[in-house]
Amino acid sequence: MTSNNLSFKDQLIRSSSLPSKPLTSHRNSSTTSLTNGNGNFNNDIESENYDPLIDIFQMFGHPNNLSDLDDALSYTNVYKLQLESEIKEKNSNYLNNQQFISSLSHDVDTSLGTIEEGKENGNRKVQKIQPKPKEKQQPNLPADPLVRVDTELTQLIDQFNVTETLAKSTGRTINDMTSNIKKLDNCKKNLTLSMTILKRLQMLIISYDSLTELTMDEIEIKNYKKIKEMLSVVLELMMHFQTYKTDI
């Protein structure tokens with residue numbers, strides 16, 4: 001946690017111009033005495049009973065030592081961040097190990113049950129071929145239970161790797177199929193919209209031509225009722241195309 005096997009206090013003293021010789025101070029004037037390293041009092045920073053005031057009085061026993069306060073605070077902050085990082089890393093490793101052990105234990109129990117069932121089926125087949133065996137043997141399996149478990153775990157891990165590879169391959173295939181289906185849906189949607197627009201455009205052109213014919217000057221007697229109906233159709237179709245109009 002600290003470099004060169006030095007305590008936090010020793011590194012703090014070395015990082016600044018603070019005196020390395022402990023100073024004797026008194027807190028509350030009558031009850032607590034802060035002694036130097038030769039006393040029996042243990043004030044290790046990693047102990048549960050650590051008293052920071054003892055080290056503070058030791059390092060800042062003289063007013064002139066206050067000029068090194070910034071260096072001490074800087075080193076203390078770096079040390080604090082280092083501790084937090086180590087604690088976070090160890091907690092993360094612990095949780096990951098716990099999850100892995102729990103998952104592995106469950107998988108091992110399941111696999112061992114499957115393996116035992118397979119062994120029983122295999123033994124029954126062997127008994128059919130050799131009705132009277134002198135002794136039951138399990139070829140390809142070590143006699144040591146621990147070695148056998150290690151072998152079974154290795155086989156189980158290999159099966160997991162194969163399953164993971166197949167799962168990834170299947171996932172990619174499904175994603176490709178889903179992507180193709182999505183593209184086809186978009187094409188169908190756009191094609192339907194295009195057909196609708198073209199059909200309405202055709203209706204608009206026909207209606208407009210009809211309206212133009214009804215309002216020609218050559219016609220002396222105009223059918224205003226029919227003109228009104230055709231004009232309503234044209235206006236309604238024009239409203240539909242307003243959504244596609246762009247400002248230039």
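Cβ coordinates are placed from backbone N, Cα and C, and glycine is handled just like the others.
Going by TrEMBL, these are the annotated features:
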REGION    17-43  region 'Disordered'
REGION    114-142  region 'Disordered'
DOMAIN    146-245  domain 'Vps53 N-terminal'
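Predicted-model confidence for the domain 'Vps53 N-terminal' (146-245) is 85, expressed as mean pLDDT. Secondary structure by DSSP for the domain 'Vps53 N-terminal' (146-245): 90 helix, 0 strand, 10 coil.
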